[in-house]
């Protein structure tokens, strides 16, 4: 299999329209978002709305994921996700968030996160992360997954499989009364078995009526975190796991984060609810 050349920015298509009847988050058209100090524990009413947002986000991710194949552009994946969201009455949360120009993130190969969909053509052997967030009913639902394109090298296929497994192991630790830090401990201990490195500077987050409510969910072991999980908390778990070192660079677009050594990376994400007895995944179909 020929080696993939390092990625570079493609050409952006025009901004996709959203029907006027679909409610926008407050930050659309503004340089910043009003967020970061909202309650971490949600009301039953907000939780029920988040179930709706989560299902729509999951549906958009599944539809876009089906299209991942050699020869497809990342802009086409954005079109599919965008149309699914608006057809279901949801606003694409990333569109206009701090100036982000597209309706989802598409992060290939060495892109850790926040890749912008453009004219980049997916090549046989690529791995493609799609990150979709739906805003409907005044709340957000956020999810992502990494999809293989064509014949993926064993090293990269295993990275994807193990990142998915690390994510699910972490989700299964969620329980009221348990320290939030156990999430990162489980992810990092599993990833370290294979010599992988867990990204530190980009984290999971609290989510609800705002995209990021101030709660930070680390994906690495940090016992100093004293937060205890409580029923009604909603947050994402979304580990990014690298084959190589943790050093990264950000492209001139201000968003796209790539590994400095250009080794590949994978990610999965769900929005979660801490229940009275454990966890509910809100971003499931």
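Even glycines carry a Cβ here, placed using N, Cα and C.
The structure displayed is predicted, hence computed values, not measured ones.
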Which of 126, 142, 151 shares the divalent metal cation 2 site with 205, 238, 269 per Swiss-Prot?
142
Recorded divalent metal cation 1 site member, picked from 131, 261, 276, that accompanies 142, 269 in Swiss-Prot:
131
Using a 10 Å cut-off on Cβ-Cβ distances across all protein chains shown, tell me which of the binding-site residues (131, 142, 238, 269) has the largest neighbour count.
142
Neighbouring C-beta atoms (10 Å sphere around the C-beta of residue 212 (substrate binding site)):
21
Neighbours of the divalent metal cation 2 site 142, 205, 238, 269: Cβ within 8 Å of the Cβ centroid, same chain, sequence order.
131, 143, 144, 204, 207, 235, 236, 237, 270, 271
So of all those binding-site residues, 142, 212, 269, which one's Cα sits nearest to residue 238 (divalent metal cation 2 binding site)?
269
Return the member of 114, 205, 212 nearest to residue 131 (divalent metal cation 1 binding site) in space, with distance defined Cα to Cα and candidates limited to these binding-site residues.
114
Who sits close to residue 205 (divalent metal cation 2 binding site): which same-chain residues at least 6 apart have their Cβ under 8 Å from its Cβ?
211, 212, 213, 215, 216, 217, 235, 236
